[in-house]
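**Q** Starting off with a structure, shown below.
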Amino acid sequence: MIVANNVMNFTRQSINEFDYCPTNNDTNSEGTSSDETGAGAGEFEWSEAAQKAIESAFFWGYLLSQVPGGLLAERIGGKHTLSVGILISTLGTLLTPLAAREGDVLGLIEVRIIMGIGQGLLYPSLNVILANWAPTEERGRLGAIVFSGANFGSVVALGLSGLILSWCDGSWPSLFYVYGLMGLLWLMVWCRVGHNSPNDDPTLTDRERLHLQKYHEEAKLQQMTIIPWGSILTCIPLWGLIVSQIGHDWGLFVMNTDLPRYMKNVMHFTIAQNGLLSAIPHLLMWLTAIASGWWVDWILINKIYSVSATRKIFTTVSSIGPALGIIGAAYAGCNRFVVVSLIAIGMSFMGCFYPSLKVNPLDLSPNYAGTLMALVNGIGAISGVFIPYINGLFVTDNTLNQWQVVFLLSAFILIVTNVFYLITGSAEIQPWNDPRYTEKLEEIRYDKYKNSVNGLPTGFLNPMSAAS
């Protein structure tokens, strides 16, 4: 990288007295940028409030389906719930142009909620599938490959969108139709080749199946009868995960929704430039995720650090790296190269959270992997509901100082949530992962209740010692 050649530039010289960056050289004779020339010429004229409602609508649906999706995936298999989620979100994609044109803001909000419901089924389902397939020493790279697929998809979509628009004479609905059809095509392939567990896959060799079955026996994967909600909701390591997920989601959502606005309204990039630049952080995140996934597994296989220490190290890198990049960009002024470079490099480190934070629920409880992922991912996504409104309070005129507050707030949240995770996080399998623990605990609670009714003294036994 040649960022160092530009860091020393005196970027503040390009800021005028009103705290706005000057427009770039791609301006027309009237002094407006090529991106601004088309402003207001679009098909829809929606207020800022309407746009924020549309953005947050997806996350309301996303929140609603997380826990039901996790519970369902644990009962009927991750393959089936994943298929349903893809089908719902794909149909929502295909219906988006019709909803926007015929239903206006309300119609689009409804479709976005439905799409969120479909997308909310995905991560819990994927976690259940990984729990059935991925041994501990392979979770890092397998989890990174699976979960970072979202970043790779973003790179492909941002790269293809310009070509699709040029082929279709700028018809924006064509984007939704093409990506919707691609989703249906993928779904047909998945239904053919996907399997819930190794026992369902006829293509595995006996050696491969025995290896995975041995892992399942060691992990005590059994049929669950009672979900230990009390133990789950009072699990401190789980809450460490949830808080850290909130921080990472905040950083990701700011990058996905607010960064393109910053590039357009403050840095004055054109639409074409904005699309390309928005793809760079996703590409770097994907590459970092794949590399760090292999690195994590190498550390665990060679027993260099414990699983807990390894998860915390890479989660910290995925928090501090983006925070430093965002802080640097906040003070880089109007130097477009430095701003873009710092954000891209900083966000690339977030790829390290796929083989660490994202697979941590599998460490805590393989039996309830879907439920844990639903709680972590669902509560973490709450930030997506409020980010458009919170950042909207700070950014009213698209000045550098206003966006600086947005960036610094994001960095602060990333750092603070990571500190909480360092204190409370763990990768130790929890005792309530064993269904015998839950069943015996319920028996003890019933005995205590029965004895208290009969006036007998009560005592508390260790559930696992009683079970043995």
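Even glycines carry a Cβ here, placed using N, Cα and C.
Just so you know, TrEMBL annotations never went through curation; they're auto-generated.
Since the structure is predicted, the reported quantities are computational estimates derived from the model, not experimental observations.
According to TrEMBL, the protein has these features:
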DOMAIN    1-428  domain 'Major facilitator superfamily (MFS) profile'
TRANSMEM  81-100  transmembrane segment
TRANSMEM  112-130  transmembrane segment
TRANSMEM  142-164  transmembrane segment
TRANSMEM  176-193  transmembrane segment
TRANSMEM  226-246  transmembrane segment
TRANSMEM  283-301  transmembrane segment
TRANSMEM  313-331  transmembrane segment
TRANSMEM  337-357  transmembrane segment
TRANSMEM  369-390  transmembrane segment
TRANSMEM  402-423  transmembrane segment
**Q** As a test: from 81-100, 226-246, 313-331, 337-357, 402-423, pick the stretch that has the greatest number of Cβ pairs under 8 Å with the transmembrane segment (142-164).
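**A** Stretch with maximum Cβ contacts: 337-357.
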**Q** Across the domain 'Major facilitator superfamily (MFS) profile' (1-428), what does the mean pLDDT come to, as a whole number?
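**A** Across the domain 'Major facilitator superfamily (MFS) profile' (1-428), the average pLDDT comes out at 85.
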**Q** Pairs 6 or more apart in sequence, C-beta under 8 angstroms, 3 or more of them: is that satisfied by the transmembrane segment (337-357) and the transmembrane segment (283-301)?
**A** yes
**Q** So, does the transmembrane segment (369-390) come close enough to the transmembrane segment (226-246) to give 3+ Cβ pairs below 8 Å, pairs being at least 6 apart in sequence?
**A** yes
**Q** I need to check the long-range neighbours of the transmembrane segment (112-130): which residues 6 or more away from its ends have a CB within less than 8 Å of a CB in the stretch?
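**A** For the transmembrane segment (112-130), the nonlocal Cβ contacts are 54, 57-66, 69-70, 72-74, 77-79, 81-82, 84-93, 96, 139, 142-143, 146-147, 196, 359, 361-362, 369-374, 377-378.
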**Q** For the transmembrane segment (402-423), which recorded stretch in the set 283-301, 313-331, 369-390 gives the largest number of Cβ pairs separated by under 8 Å?
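**A** The stretch with the most close Cβ contacts to the transmembrane segment (402-423) is 313-331.
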